[in-house]
Amino acid sequence: MSARIEYAPGEAWCIAAGRVVLVCERDLPPVRARALHDAAAAVDSLEGLRTVLDAEPAALLGLVDLDDRRALLRRHGVPATADDAQLPERFGADWALDDADPAATITAGGLGALAGEVLPLDGGVVRVAAVRAAPRPPAPEARSAPPVAEAEPRTGAFGETLPPAAAPQRIEPQRIEPERVEPRRVEPERVEPQAIEPTPAAAVPAPAPAPAPAPEPEPEPEPEPEPEPEPEPEPEPEPEPEPEPEPEPEAPRAVEPNPIGGLIDSVPGFIRPAVDLRAAPPETRPAPPAPAPAPAAPPAPLAADGDHDGMTITAEQARRLQEERASAAESAAQAAQPAQPSAPATGPLVLSTLCPSGHVNAPGTVQCAQCGAAVADGSAAQRPRPEVAVVVLPAGERVPLGRGVVLGRRPRSRRAPDGRVPRLVTVESPNEDVSRSHLELRVDDWNLVGVDLSSTNGTLLLREGAAPQRLRPEVATILQLGDRLDLGDGVVVTIEPASSGQTS
């Protein structure tokens, strides 16, 4: 291929051989990747490329470098550009053709990945998130090296004399190293045997000091070692019991109950706090009214003192004012409590948190998803889950996912989790590319889940910044807000956040 191929590493398969670049889904078996590489090496026309692509159901894209243009075949919504200009979207299972100038730069896949580090590809099979085919730099510039040839005749002339120069190198064997000169005769200097064990005879006098036992009565000076009581200061280490501040580790022993809780909290972060925090709210609710009546008691004697003056306000009036203030505080607290159910939440009971306005949020949320306010600490508890997401159909209809949705030409409900019957949504499919019961969308706890119901043509997940991914049949796949799902026959649905007033 005359183009320079670059790619961003990912999960999809990319095969480059001869004039062709192919991109296939990540589920392609390696054996098929090798076979496609061999087949692509023989392709030199658009018809040959179509033949290879039609024989591989997992193929997503094919690019062939022709003499007068570059031909690009795509399907299943793979995004692509030519010289940074967005090419038309190509959804469905049929191949769509785009022609580009031979000098154009073609990019395809998760285009955002090409903004980072990319790797070159001269041919072979790699795993990619996106691929780019750009013109190669002009090769003639590299041929400017011929001026070096001018030196060649000079070196050639000198080179003719060099080979004979190599012959004298044979002189090296002439290095007759008379290593024999090393007089190994020195070895007979084994005169060492002169030290023949007469030395043990010398050792015999060693018993001569044996008479020394006579002076052994000298142990009398041994009292001199009696200064050994000097080690008696060793009792000084007796103050070493000072490390008896080991009771300090006893302090951590008191903390031991807390570390146990810490270990539990670190793994199931939402379970442990939820239990502790549920008990906290009832303590906080009586807390505000408690301080209000507390100041009410002392002013009574103050008012009594003022009653003696008869100047301004009576004790009864002061008590009334204090009671009014206390009742106002209670009414404010009561007004805040009913604000919690801001929107009808009819979903199953799930662990959740509240913002000051009473909006229900997922555990661990720092900022409310509806109003942006900080989520109150200590509000974790089991509550009915509100509507969190909807699926937007091609016609623009928004269907809530709270109780689950089954999409297809003639969908049927296969199960009813939590006693709730999934909503059945019929989509148009003139070519019957969409199966009767094709795709299930639901919310598990707080997670958006999509399941391909063993459909005939499969379901393709299109996520911004990532290569298209085919859902595995009967396997739950975690979805995100903004994901698009291609069911075939032009039916593409989108996952979007639910509005605050939308219900199941």
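Glycine residues also receive a Cβ, built from the backbone N, Cα and C atoms like all the rest.
Note that TrEMBL annotation is computational and uncurated.
Over in TrEMBL, the protein carries these features:
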- 141-150: compositional bias 'Low complexity' (COMPBIAS)
- 172-192: compositional bias 'Basic and acidic residues' (COMPBIAS)
- 193-205: compositional bias 'Low complexity' (COMPBIAS)
- 206-216: compositional bias 'Pro residues' (COMPBIAS)
- 217-249: compositional bias 'Acidic residues' (COMPBIAS)
- 283-301: compositional bias 'Pro residues' (COMPBIAS)
- 317-327: compositional bias 'Basic and acidic residues' (COMPBIAS)
- 328-345: compositional bias 'Low complexity' (COMPBIAS)
- 405-461: domain 'FHA' (DOMAIN)
- 134-345: region 'Disordered' (REGION)
For the domain 'FHA' (405-461), what's the mean pLDDT in this predicted model?
87
Over the span of the domain 'FHA' (405-461), count residues by DSSP class, listing helix, strand and coil in order.
3 helix, 22 strand, 32 coil
Would you list the DSSP helix, strand and coil counts for the residues of the compositional bias 'Basic and acidic residues' (317-327)?
11 helix, 0 strand, 0 coil
